[in-house]
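Noted in TrEMBL for the protein shown:
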TRANSMEM  26-50  transmembrane segment
DOMAIN    42-291  domain 'G-protein coupled receptors family 1 profile'
TRANSMEM  62-83  transmembrane segment
TRANSMEM  103-121  transmembrane segment
TRANSMEM  142-165  transmembrane segment
TRANSMEM  201-223  transmembrane segment
TRANSMEM  244-262  transmembrane segment
TRANSMEM  274-293  transmembrane segment
Amino acid sequence: MTRGNWTTVREFILVSFSTLSYELQALLFLLFLIIYLVTLMGNVLIILVTTADSALQSPMYFFLRNLSFLEIGFNLVIVPKMLGTLILQDKTISFLGCGAQMYFFFFFGAAECCLLATMAYDRYVAICDPLRYPVIMNRRSCAQLTAASWFAGFPVATVQTIWIFSFPFCGPNKVNHFFCDSPPVIALVCADTSLFELEALTATVLFILFPFLLILGSYVRILSTIFRMPSTEGKRKAFSTCSSHLLVVSLFYSTAILMYFRPRSNTSPEHKKMVSLSYTVVTPMLNPIIYSLRNNEVKAALRRVISRTLSPRKL
């Protein structure tokens, strides 16, 4: 197709859940709105409790606080626009708006993958090398690991977003998704995208599969160490500190791998939307619930914070 035949695309239309009746979309709006509010409140609560309580100043809770910041950002990028498409039926998103949404989706997603791997490393050192843990995971090391996790999102987000939106779009502008993810947007490009797809696969391996394998290797060593512990109480405590993180990792990576490593021909757009909902909407809500309900230290700290807040101050 010659340049003269290209149609300039100034906005995209998010198909979202438009195949459903308006009544079902209204029910989805209420459900996702509740999940969205619970996600924001839960993650803000984790941030406040781990900041205010002196007993939660260990590296594990420092990383958890940063994970909550990431989850809030991840949700803000995806959910408000999705809610608008459901209740207001405003399915249009500008060319720049689509690019911005995709950029921050890549940024927060890549940063979360790296931070989850960092949290697994923290648990590995704490359980497999406890005597050196205070030296290895000192304040400076924690800050450096966290900064590296956050900034890891910049190169992949910048390269992929700029590359995608430098392609010509020939006219069809319906994105068959509820947000601007790369596969449905790249499907609208009228040019050879094979090189980009190779780069996207490489980035997926580096930021999803490689951290997942590192986490898997860490937990193999962790479980091996736990099973060799002579004390039953020691085993119980070690399991309790790792189980929450392992559950979060399982939820996040299983759905991400299912989404980005399955052949296109075998996956319908509707199935992709359902899988995407699990790691963009559901998992961010479950993280604070899992970390608070399955962690006695967080529950105790929450009770202390509530007690201090509600009790009258002494004059």
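Including glycine, each Cβ sits where the backbone N, Cα and C put it.
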Who are the long-range neighbours of the transmembrane segment (103-121) in its own chain, taking Cβ under 8 Å and residues 6 or more past its ends?
60, 63-64, 66-67, 70-71, 73-74, 77-78, 145-146, 148-154, 156-158, 160-161, 179-182, 203, 207-208, 211-212, 214-215, 218-219, 245, 248-249, 252-253, 256
With the transmembrane segment (62-83) as the reference, find which of 142-165, 201-223, 244-262, 274-293 contributes the most Cβ pairs under 8 Å.
274-293
What else in the chain is close to the transmembrane segment (244-262), if you only count residues 6 or more beyond its ends and a Cβ gap under 8 Å?
109, 112-113, 116, 119-120, 123, 204, 208-209, 212, 215, 219, 272, 275-276, 278-279, 282-283, 286-287, 290-291, 294-295
Per-residue pLDDT averaged over the domain 'G-protein coupled receptors family 1 profile' (42-291) comes to what?
88
